[in-house]
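Record features (Swiss-Prot):
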ACT_SITE  E460  active site, proton donor
ACT_SITE  E536  active site, nucleophile
BINDING   N103, D201, E460, E536, Y537, A538, H539, N603, W1012  substrate binding site
BINDING   D201, F600, N603  Na(+) binding site
BINDING   E415, H417, E460  Mg(2+) 1 binding site
BINDING   N596  Mg(2+) 2 binding site
SITE      H356  site 'Transition state stabilizer'
SITE      H390  site 'Transition state stabilizer'
Amino acid sequence: MTSLQHIINRRDWENPITVQVNQVKAHSPLNGFKTIEDARENTQSQKKSLNGQWDFKLFDKPEAVDESLLYEKISKELSGDWQSITVPSNWQLHGFDKPIYCNVKYPFAVNPPFVPSDNPTGCYRTEFTITPEQLTQRNHIIFEGVNSAFHLWCNGQWVGYSQDSRLPSEFDLSELLVVGTNRIAVMVIRWSDGSYLEDQDMWWLSGIFRDVNLLTKPQSQIRDVFITPDLDACYRDATLHIKTAINAPNNYQVAVQIFDGKTSLCEPKIQSTNNKRVDEKGGWSDVVFQTIAIRSPKKWTAETPYLYRCVVSLLDEQGNTVDVEAYNIGFRKVEMLNGQLCVNGKPLLIRGVNRHEHHPENGHAVSTADMIEDIKLMKQNNFNAVRTAHYPNHPLFYELCDELGLYVVDEANIETHGMFPMGRLASDPLWAGAFMSRYTQMVERDKNHASIIIWSLGNECGHGANHDAMYGWSKSFDPSRPVQYEGGGANTTATDIICPMYSRVDTDIKDDAVPKYSIKKWLSLPGETRPLILCEYAHAMGNSLGSFDDYWQAFREYPRLQGGFIWDWVDQGLSKIDENGKHYWAYGGDFGDELNDRQFCINGLLFPDRTPHPSLFEAKYSQQHLQFTLREQNQNQNQNQYSIDVFSDYVFRHTDNEKLVWQLIQNGVCVEQGEMALNIAPQSTHTLTIKTKTAFEHGAQYYLNLDVALINDSHFANANHVMDSEQFKLINSNNLNSKSFASATEKSVISVNETDSHLSIENNTFKLVFNQQSGLIEQWLQDDTQVISSPLVDNFYRAPLDNDIGVSEVDNLDPNAWEARWSRAGIGQWQRTCSSINAVQSSVDVRITCVFNYEFNGVLQAQTQWLYTLNNTGTISLNVDVNLNDTLPPMPRIGLSTTINKQSDTKVNWLGLGPFENYPDRKSAARFGYYSLSLNELYTPYIFPTDNGLRSDCQLLSINNLIVTGAFLFAASEYSQNMLTQAKHTNELIADDCIHVHIDHQHMGVGGDDSWSPSTHKEYLLEQKNYNYSLTLTGGITT
């Protein structure tokens, strides 16, 4: 019997050569069906779940574990500090130990293969029952995921060891089991040498976090099946190659049938072992090779995910069924043709996203419902591909991708981002076995999934001989799929696809170590013929995804630019309640983890609860499959007619479940609508005609809104879900007619009263009082009602976005980041003085001119001149002239701000882009219209508070008693910019009694090519030193 002391002395968890002991060889997932019918219907599997409540006890280190606890019988009453824990789960999320988040750095001293002596060790125990029938068969226990390494005992006997937290660990318990109650004990070690290969940008969490199953199969059994579909040169007829490994006598046979539902497509194909000569010495005695031809099957693609069922049976010498396995299969062929990645002979455009397995309460333990929700949301938002960043996912995820239709890049659980150099272990022969094990076992497990079209060697671990070995094995074992790997420059010999991360569209990035060309340039390099698919791009951290549409213009223009995978899908925030009972999303450092990278795990298109960020709408729009062109407009008094070309970017499917819903918009409001069926062949253009009867009014603005919605429920969305959208501004449209607002009249003479301290302008409907010293409005009344609660002032500052801060690693901030440059220039801290104020009255109006100087550290940074022109209705025409110091960096914003008293029913109404938040470089998806939302609806609760809620291209704003017209951007919030800047979490935000209103002439873009360098494109930077803008402000008078 192997003692615990012997195991500890052996220290498998600090030996890179030992990645497993006594583990069953990797294979495709098995279920052990008894009949063909059960296998076909996927029922009555002989796999039993051991999930549930297990005993748990946490120790400081492996050496502290009491050996007797692993052997003793389990009593019904927990004792000796044992507690109950859910399996699967991460123990840190059940109050044991603490979560740690780091982006690049390891959370321990780097000295491979050694790990800290203080090494939290969780011991698990549970019991299960074995029947007499099961005892006559083979019984394997399968741990689908344990982080990071573990030893296993059964009935007091040591069984084996395993590491690689993201792949199955399977052990044969057959010789150790008894009829009746059996007990297992698991000692899970938080840090192992395997942790050096798992330095992904995610939470470090531990425990048995995926399913545990007991698989019972007969002594003679199927132990592996490898199914490879192929299509003929016309992509019409198919051939299925099936390789079955068995443990059975030589006179046993293997039968294969293909089912479409309950209908068999062929007679059973029966074959004995050793039926194929593989080299000069002969064939395999335990492997059966079979080929089945299928005429004109339906093809699998992400657009048309049609699946068949392949049932493989083991027959004894009498022809009786002994063991059955079954797999969903899709007939599809992946190729590189003419420098493009193709499926079934057609080039793809990858609308991809990187996805971590993350749940805000359960950490890395994700349920079937969680996976289905993610896949459906991806499909609903026009994603067709997912990269399993950066490890093999739960095995069910691939079945769901097969069924619902997503292309998958399956990635090995290898990342050494914190190593110096990054590729240190990739070039070390001592670690070759660990690298190879992680890759080969992934491929062995997942090889039968139609959805997997690309294998990935891992992420951010440099490039070395170990990668070349993995690549070579892959091309030999599974030549049906390409291999990608970004490390070492994205275009090494270990990748079939140029797969850079965060390369720009047109600009090279300087990097002395590896090339970082623009994606357009990369294609034109001498001798380069591979396609380019960005493995990561458009870093969606917080308020981000600016200029995303630029990528999609390039993808559609250059055939070998075949898309990419956005980083990333969901914010990795963990749910937490503060001492006041307020909920917030936690990130690095919030659990006492002193070594952390703060909020860099918060970079998804969705919040942790899967609520969308505004950036998701931009991604959905840019990636949509239908492209619209307004080709012709014919307008007359009785009927208007519009010809619209609709190009379908679908590659394989007709739009046979779509309808076009159109709306005619007048001054932001729908005045006419209709719908029509939309049936377009893939990769073709259909011209449709829309006729409207609304007569155009002079001075009004007209837009045509187009939405393509589902007619019936689909396998991923309900009827009426909108997949594609567009808006066209129609001819004869003008900006909102200024005559809609009250103009000057000859009634009510304006009086101007001036003292040393104040300047007052008023009549019987309004009153405006300026402070002579500050030059600011102290009081503005309209019909005895207060319009604003604080002065109108210049505003140049925004609460820094993550992209402004340039955060990647807390101890490695970019000194050239926008926030750092703004801070050095004192933006947001300037001292304002009024150098002059004067008023001139005419017969029809009063003009007040105020000049303001802004200083920082005794240096003049800016000067502004405000010219107010007041007529006798109280309407203010405001002109602002801004002159900036030539030494200033590009500004965050140019505009003004004020506050307004909050009312219980405050609604913000505007005519401009909406309804969701949009910024100058992220507004393609937004539509021009008239919107009315509450303050809460305007607010985007970014986990790390920043500037938010902007609406662009506005012409009208109405909040309580304030009305603004002109051309501007605005934001209205219960939180000040200072509060947003100071807060680190949303629970720290305290709503003010007032509304903070920001009216911007110009606002800098959000950027988003990455989040650690100044990535806002030049056309969205405020680099000018002189600005002039005009607005009209009224105190609630409209007609």
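Using N, Cα and C of the backbone, Cβ positions are placed for all residues, glycine too.
The most densely surrounded of the binding-site residues H417, H539 is H539 (count of other Cβ atoms within 10 A of its Cβ). Ranking the recorded positions D201, E460, E536 by other CB atoms within 10 A of the CB puts E460 at the bottom. A gap of 7 Å separates the Cα atoms of H390 (site 'Transition state stabilizer') and H356 (site 'Transition state stabilizer'). The recorded sites examined here are H356, H390; by Cβ neighbour count within 10 Å, the least packed of them is H356.
A 10 Å radius around the C-alpha of N103 (substrate binding site) takes in these recorded positions out of H356, E415, E460, E536, F600, in sequence order: F600. Binding of substrate is attributed in the record to N103, D201, E460, E536, Y537, A538, H539, N603, W1012, and the widest Cα separation among these residues amounts to 18 Å.
Cα of H356 (site 'Transition state stabilizer') to Cα of E536 (active site, nucleophile): a distance of 13 Å. If you measure from the Cα atom of H417 (Mg(2+) 1 binding site) to that of E460 (active site, proton donor), you get 5 Å. For the recorded site, F600 (Na(+) binding site), the DSSP three-state label reads helix. Neighbour density around each Cβ, counted as other Cβ atoms within 10 Å, peaks among the binding-site residues N103, N596, N603 at N603. Summarising the environment of Y537 (substrate binding site), the number of other Cβ atoms within 10 Å of its Cβ, over all protein chains shown, is 26. Geometry remark: E415 (Mg(2+) 1 binding site) versus E460 (active site, proton donor), CA distance 5 Å. Of the chain residues outside the Mg(2+) 1 site list E415, H417, E460, V104, D199, Q200, D201, H390, T416, G418, M422, G458, N459, C461 have their Cβ within 8 Å of the site's Cβ mean position.
Under the three-state DSSP scheme, the residue listed as 'active site, nucleophile' falls in the strand class. H539 (substrate binding site) and N603 (Na(+) binding site) have their C-alpha atoms 7 Å apart, to the nearest angstrom. The least crowded of the binding-site residues F600, W1012, judged by other CB atoms within 10 A of its own CB, is W1012.
Using a 10 Å radius centred on the Cβ of E415 (Mg(2+) 1 binding site) and all shown protein chains, the other Cβ atoms total 25.
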